[in-house]
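What TrEMBL lists as transmembrane segment is A:6-32, A:53-75, A:81-99, A:119-139, A:159-183, A:203-219, A:225-248, A:260-279, A:299-327.
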Amino acid sequence: MIYVVIGFLWLSICAYVILGGADFGAGIVELFTRKKNRSKTKTIMYESIAPVWEANHMWLIIAIVILFVGFPEIYTTLSTYLHIPLVLMLVGIIARGTAFTFRHYDAVKDDWQKVYTQIFYFSSLLTPFFLGLIAAATVSRSINPDAQSFPDLYIFSWLNWFGIAVGLFTVSLCAYLASVFALRETTNRLELGLMIRKSHQTMLFVIITGILVFVSAYLSDIPLLYWIFSKPLGIMAVSFATISLLLILRAMHKQKLLPVRALAGFQIIMILVAATYQHNPNIILFGNGEHLSLLEYSAAAKTISALGWALILGSIFILPFLFYLMISFSKQRK
Amino acid sequence: MDDFLAARAQMAMSLGFHIIFSCVGMVMPFLMAFAHWKYLKTKNEVYKGLTKAWSKGVAILFATGAVSGTMLSFELGLLWPEFMKHAGPIFGMPFSLEGTAFFIEAIAIGFFLYGWDRFNKWFHWFCGFLVGLSGLASGILVVAANAWMNSPAGFDFVDGQYLNIDPIKAMFNEAWFPQALHMTVAAFCATGFAVAGVHAYLIMRKKNVEFHTKAFRIAAGFALIGAFGAPLSGDIAAKSVAERQPIKLAAMEAHFETEKGASFVIGGIPDEEKEEIKYALKIPKVLSFLVSNDFNSEVKGLKDFPKDEWPPIAVVHYAFQIMIFFGVVMIIIGMIYLYAVFFKKEWLTRNWLLKTFLYATPFGYIALEAGWTVTEVGRQPWIIYGIMRTADAVTPMPGIQYSFYFFTAIFVSLSLIIIFLLNRQIKMVPKLYDPTDAQFNSKNKKS
């Protein structure tokens, strides 16, 4: 049963990165769009996402609940040593969720819209940045429970170049996902052209920030290259991600849009596989050489089995309903 | 402010806010579904407008409840890591089920808000109803986790170790049913009165009277269920507290001496130093009767417990008095309203009745917050009753006070914006929601 639970944890993280990430990305793309195209971009990206966005963010809650019920030691370690970036991420989540709702449901459309929109943009940018930063901190050996001073325990546990690079990479990934996902929401050639240009730009950013991640890992003595390329699965994942990239470019060129979404999702999963597989099942690597493993630090067997069943039953209820929601509202503008 | 106090203050504030949003999220969808059902039955467009107007309120408050809930799921670990490390696997079961309920709620709300004229009308109606149902389920499940902290079950505590963990037993702990029942009823009461009060005010303004009258009637109906259900469920809850946490009951009543035929204390100023209560109104033997249906039964007093296990007596006692006071006031208002409905129809349109409801707008929420204060502060100094002290659970990270100030600022501004937004929704009723109004423009609305 422990593998079922780990599977669900992994899947909900993937789902959050892909669906929630695309959602964050929509805000980022809008922020970096020139004023003239902004309202068009907004319409393309939001009209179809609005009914689904609440559900996209539930995945984070599922992941957190799995962590604190099934892997309490890991959850509490993260929340103790990464307190500050977690709080900043939370602020982002709160600001973004509420600003999005307010901008959508405010009965009067006046200058307040600008306020909501600004908050929405910047929180869309900050939340995935901190998400990436936190993820980086779990494997960069920067968390050191043996440290003595406040900065070493609670600040340099996450503040380093590698973390910042991964944060930027996450931001670019979100923007990329959003623009690729939005391709199918376009209704005419003009809009499609606009979004294809955006997809190319964001793709470029993903590649640049990806290189930054490797460079910063090298500079901070994190054996990222070794982790990824020392095992066949890592090499496979990276090659699949690269091949998908080429396929996406080709599909976009031919304007075949359905496979583009699937490929982009697949690409993200491959990136996550490459990033996590090597030290699996260790989820947190400490600065003092120790690590927390999902297998060793799981809760009592009875809890894991109850949690596993709750997740299985829950997904039987949720998934068909969620799927129906997604297909019901996709392409509603046509 | 020291870190421990700051952590408690931050937790109390976060929960205090979240409770308001989540109770609205639990009850408002039922009001909305009721109005929707009326529309489907009567084809009266006013009900449709009302359903839409309320659904916008639900959307705004649900989103706020969802983010404040997400925040709480992190805050548990950010502030109380030692607690979560041990408690997570034991009391986590309801949380994992709640995840499902919450997810369903989020999906259903998507269907409902954007589904007008797109789906079979009864499927659409059911989605609205489902928002309420799953919201209610979420609430009941989360209360199960809180109840476990009051009535720990499903493990053996041996030499500081938590052994033989059984999450199912932990979920079905003794406090769950009484707490969840009382909380649900209170949520109906609080939301019902709050909504009824707002619409009563708008009726008095003599604008869109038919629209607001319909809204008022529905909300008042729900408020009544809550107002009359509260003492009944409260009685069950009090008996359960007396049995499981006699010290909490003693604090609620500022009851210092153990005695037979204990009197029910109303008001007064408890003095923890001198271990007595001054200026209180005492009704002989009633407390004994309330906790055990026997006028002469023994009720344990605070002096029977070591002083380092006392909760803050004054806070618990005052909070309990506030809850009872507003509860009684709401019952009286409810009875007047019922009397009017059955015997004096003309009262229903009178200003004094509407004014009464207007003043009662916050009463339900005041009582609800006071009730939660009793539950939470009354459990102190324990975070897991009798097992782990709150002070031992707090995060080792210093500087929590800044986090507290920060979150206070966020919550205060969030609340202001929500009040502002709801106010704007209300102002737009003539244009967006009331089809009988001359200003109504169906093209205006964006559903």
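Cβ atoms here come from the backbone N, Cα and C positions, even for glycine.
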The transmembrane segment (A:159-183) vs the transmembrane segment (A:260-279): 3 or more CB pairs under 8 Å
yes
Interface-richest range of A:53-75, A:81-99, A:119-139, A:225-248, A:260-279 toward the transmembrane segment (A:6-32), CB pairs under 8 Å:
A:53-75
With pairs fewer than 6 apart in sequence excluded, do the transmembrane segment (A:260-279) and the transmembrane segment (A:53-75) have three or more C-beta pairs that lie under 8 Å?
no
Residues from the same chain, set at least six apart from the ends of the transmembrane segment (A:225-248), whose C-beta lies under 8 A from its own:
180, 199, 203, 214, 217-218, 259-260, 263-264, 266-267, 270-271, 273-275, 277-279
Tertiary contacts of the transmembrane segment (A:299-327), as residues 6+ beyond its ends and Cβ separation under 8 Å:
1-2, 4-5, 8, 51-52, 55, 66, 69-72
